[in-house]
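Taken straight from Swiss-Prot:
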- 38-68: repeat 'ANK 1' (REPEAT)
- 78-107: repeat 'ANK 2' (REPEAT)
- 109-137: repeat 'ANK 3' (REPEAT)
- 169-197: repeat 'ANK 5' (REPEAT)
- 198-227: repeat 'ANK 6' (REPEAT)
- 229-257: repeat 'ANK 7' (REPEAT)
- 258-287: repeat 'ANK 8' (REPEAT)
- 289-316: repeat 'ANK 9' (REPEAT)
- 348-376: repeat 'ANK 11' (REPEAT)
- 378-406: repeat 'ANK 12' (REPEAT)
- 407-436: repeat 'ANK 13' (REPEAT)
- 438-466: repeat 'ANK 14' (REPEAT)
């Protein structure tokens with residue numbers, strides 16, 4: 001019934017629905033294609049849906065030199081792009097037909113065989129190689145990509161065909177190790193790959209990513225876990241791989257290398273169990289104040305408390321820990337540090353200043369509750385909050401009595417200059433004089449291209465003319 005509908009009606013149906021699959025129910029499919037304005041690529045749709053019979057019909061049309069195949073529907077670019085896409089998916093029959101109708105097996109810099117290798121489609125790889133694909137292109141990139149993803153059968157096949165697994169300075173074993181492909185690593189070693197290339201990059205990557213069995217194997221083969229100033233334990237600690245850290249310590253890694261970098265990085269990234277273990281093994285968390293600052297910066301309250309319990313003196317770091325916690329919005333850390341006696345008013349209330357600049361209104365409220373003067377320096381806090389566009393902070397200060405007109409209406413001028421339209425509107429609603437200093441607010445907004453603010457200020461009575 002459906003294929004009896006006239007082509008003109010099908011054009012309207014497909015245009016309206018956007019369902020390109022409807023074309024395939026009509027015998028006038030190829031005549032319709034030229035009439036329908038659909039963004040979907042016809043070949044791409046057929047390939048994505050594995051419509052092999054339709055593709056076979058395309059081959060027939062190609063042999064008949066049909067104008068659609070030679071012209072607007074199939075182009076070399078679309079064939080090559082869809083060849084690569086199907087090498088990714090592993091649709092070997094589609095791949096064969098795409099090659100039959102003119103796809104370039106070495107197009108896009110031999111991307112077809114590279115993609116098939118990368119995704120582990122061994123039968124596709126074999127077929128492409130059989131058809132003449134240059135599997136050694138880009139300095140044997142195909143075998144390196146297969147190693148990276150752990151496709152052992154692909155690697156073995158490519159090696160059997162002559163690929164050099166040692167290309168690019170033994171990069172294959174580094175990638176395989178970094179991704180935890182133990183059997184691949186063992187195979188590569190059996191083929192003579194140098195596990196110590198690039199200053200033991202393989203074991204460093206495996207440690208960094210927590211692949212314990214790979215690390216153990218590499219150590220058994222002579223890799224140096226202490227290369228690059230004990231890079232392995234520093235990265236394992238920073239990434240929270242506790243069992244890896246324990247193993248590396250058992251193999252004599254230096255946990256205090258680079259001024260206790262391992263425990264500092266674990267503190268920054270929130271790995272409490274790693275920190276506890278490193279401390280039990282002799283890491284010095286009191287030699288400098290970086291650990292407490294790093295933990296405070298990222299809001300790791302449990303680590304901050306643990307470090308204090310282990311003797312870290314929060315006053316040794318000046319007020320840096322509470323300042324950075326305030327800047328990054330970590331209220332609980334701020335409260336805890338204040339409860340432990342840190343001087344949060346140091347450096348002219350910098351802790352407070354950082355919170356208001358970043359818009360952390362709850363921290364601002366807390367610090368005001370702790371005695372910080374929010375009207376200091378002729379209402380500098382509300383002026384700075386306006387300058388930074390922190391509407392919530394501005395509203396809080398105004399609710400507490402801050403003067404929005406301080407310093408000749410600095411707040412509305414600076415918020416206009418920076419493009420903070422909601423702050424501008426709030427300040428105007430609360431009595432700011434938009435015409436202060438010869439309409440400075442609208443002039444600044446105009447100079448900086450904030451057209452919506454200019455329009456708003458003019459609507460509220462500001463004057464913008466040639467003179468100003």
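Just so you know, glycine gets a Cβ as well, placed from its N, Cα and C.
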*Take the repeat 'ANK 9' (289-316) and count its residues per DSSP category (helix H/G/I, strand E/B, coil), listing them in that order.*
20 helix, 0 strand, 8 coil
_What residues elsewhere in the chain lie close to the repeat 'ANK 3' (109-137), defined as a C-beta under 8 angstroms and at least 6 residues from its ends?_
83-84, 87-90, 92, 95-96, 99, 143, 145-146, 148-151, 153-154, 157-158, 161-164
_Integer average pLDDT (0 to 100) for the repeat 'ANK 12' (378-406)_ = 97
*Could you give the residue numbers and ranges of same-chain residues that sit at least 6 residues beyond the repeat 'ANK 13' (407-436) on either side and whose C-beta is under 8 angstroms from one of its C-beta atoms?*
378-379, 382-383, 386-391, 394-395, 398, 442, 444-445, 447-448, 450, 452-453, 456-457, 460-463
_For the repeat 'ANK 6' (198-227), sequence-distant contacts whose Cβ falls under 8 Å of one of its Cβ atoms, 6 or more beyond its ends_ = 169-170, 173-182, 185-186, 189, 233, 235-236, 239, 241, 243-244, 247-248, 251-254
*Where else in the chain does the repeat 'ANK 5' (169-197) make close Cβ contacts, counting only residues six or more beyond its ends and a cut-off under 8 Å?*
143-144, 147-150, 152, 155-156, 159, 203, 205-206, 208-211, 213-214, 217-218, 221-224
_Tally of DSSP helical, extended and coil residues in the repeat 'ANK 6' (198-227)_ = 21 helix, 0 strand, 9 coil
*Take the repeat 'ANK 5' (169-197) and count its residues per DSSP category (helix H/G/I, strand E/B, coil), listing them in that order.*
20 helix, 0 strand, 9 coil
